[in-house]
């Protein structure tokens, strides 16, 4: 019988530290609901003491989820722990995650503390946290660069103070397979407790070994894996949870351990994070990449046609990738469209379906057939427009002279107020973005601009992702349309709208 490996998802906390990623309040809540549907055991929803926005989103997630444990991060500071308590007290299973750095380089250059000071802080703050929480998780930050004897002392101190989950972070992705496994073996053999202690692994991918090291931790005695969807995170990212889960599933003969994830929700979860983070999943990404189940070589194609297992160790259906798609067309009616939404896993009320059906018919008039990816794109675009404080109403472009273009942009806010401005630029995109900047009265820097086609062919819808720097803060925007310029404008307006929402601003103020 396989042992259970808990999955601790930190997409909303560590994943959001990815440069350029800044989830909105609504996006955080939608992500948390999908993670619960996927079946993760614990969601690290944020760092409540870091900002009012983080506190409110953690609180909302705690009040919304029904089965998943909701965790908040806290430094060894009582005010941090209090903030986590207030944010998560309504959760079905509240958890606090207390951490302090333990490596020599952190003690000397960051904390300016001695080892004795660190041990005293661990004892004081884990003891305090245990008074408020049934479950306290402790992490010695930069554990893999901490001398092993001192690491054992830190963990023993935390356990004696009441911690029942011990997380060992490879904070800078420094460790390797055997070394990381040895740390867990040493801790499980050396640390004593009358309570059951769950050891957890948290790996970064700086040397490309986050998933490998996570699996090594299981071999060393870990029973929980921390990571993010698609492996997003600061620098090179975190362990990709979907890769860990499928490795355990496919190689159960070796690991003898399984997660409780609903694997059929894997692709949908990956797509959601990709969309909200504005980070396209690489085509060759394991498990969820577009090429994961593609075969170009003639020999490989021949083998797969004869027997799929000749070159595939898992089926697309296992992770929720459909291979029996029945596209819709311009003659498809509301009933067929509604059935398609259910088949794709969407639970959308009838009123919302009316607007989605109108968008579907508009696309069907332009395309021979509407694929599942088109349907997903329609819903994605609708979600973004529904959340936005401002949305694009009309866009007019005109060629002026000498390569200059003129753009007139009209946007509308949720109260129905109309805002309009115009500008010129060396090309359509520059003109459009200058006009939008004039409407919002903000100077911006365009950090990233990417166009992706939703499907193949010249009639494909275009997805545009932008990343802007506004007043020192990065925000991303997403737009989708058959017209690339319309999609580009929608994405730019959404990025501005996100900044305005988070800074409680109105256009023209």
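Every residue, even glycine, has its Cβ placed from backbone N, Cα and C.
Listed features, source Swiss-Prot:
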DOMAIN    5-267  domain 'Pyruvate carboxyltransferase'
BINDING   14, 202, 204, 238  Mn(2+) binding site
REGION    391-509  region 'Regulatory domain'
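Same-chain residues that are not part of 14, 202, 204, 238 yet have a Cβ within 8 Å of the Cβ center of the Mn(2+) site turn out to be 10, 169, 170, 171, 203, 210, 226, 227, 228, 233, 237, 239. Cβ neighbour count for residue 204 (Mn(2+) binding site) (all protein chains, 10 Å cutoff from its Cβ): 26. Listed in sequence order, 44, 228, 233, 234, 238 are the same-chain residues at least 6 apart in sequence whose CB falls under 8 Å from the CB of residue 14 (Mn(2+) binding site).
Look at residue 202 (Mn(2+) binding site): DSSP puts it in a strand.
Under DSSP, residues within the region 'Regulatory domain' (391-509) fall into helix, strand and coil as 32 helix, 54 strand, 33 coil.
The region 'Regulatory domain' (391-509) scores a mean pLDDT of 89 in the predicted structure.
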